[in-house]
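Just below is one structure, and these are the notes that go with it.
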Amino acid sequence: ACVGENQQCADWAGPHCCDGYYCTCRYFPKCICRNNN
């Protein structure tokens, strides 16, 4: 399963972002998915 926009994700091991999203840790310590666009 993948997670969508503003959902918590992890760069190293799941959950991973759905297609069209990337994981950012700008909001450390919580990493969230953001739209690629």
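Counting starts with 1 at the first residue shown.
Yeah, the Cβs are placed from backbone N, Cα and C, and that goes for glycine too.
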Partner cysteine of CYS2 (disulphide bond, per Swiss-Prot) from CYS18, CYS23: CYS18
Candidates CYS18, CYS23, CYS25: member of the disulfide-bonded residues with the richest Cβ shell (10 Å): CYS23
Neighbourhood of CYS17 (disulfide bond) by C-beta distance under 8 A, where only residues 6 or more apart in the same chain count: CYS2, VAL3, GLY4, GLN7, CYS9, CYS23, CYS33
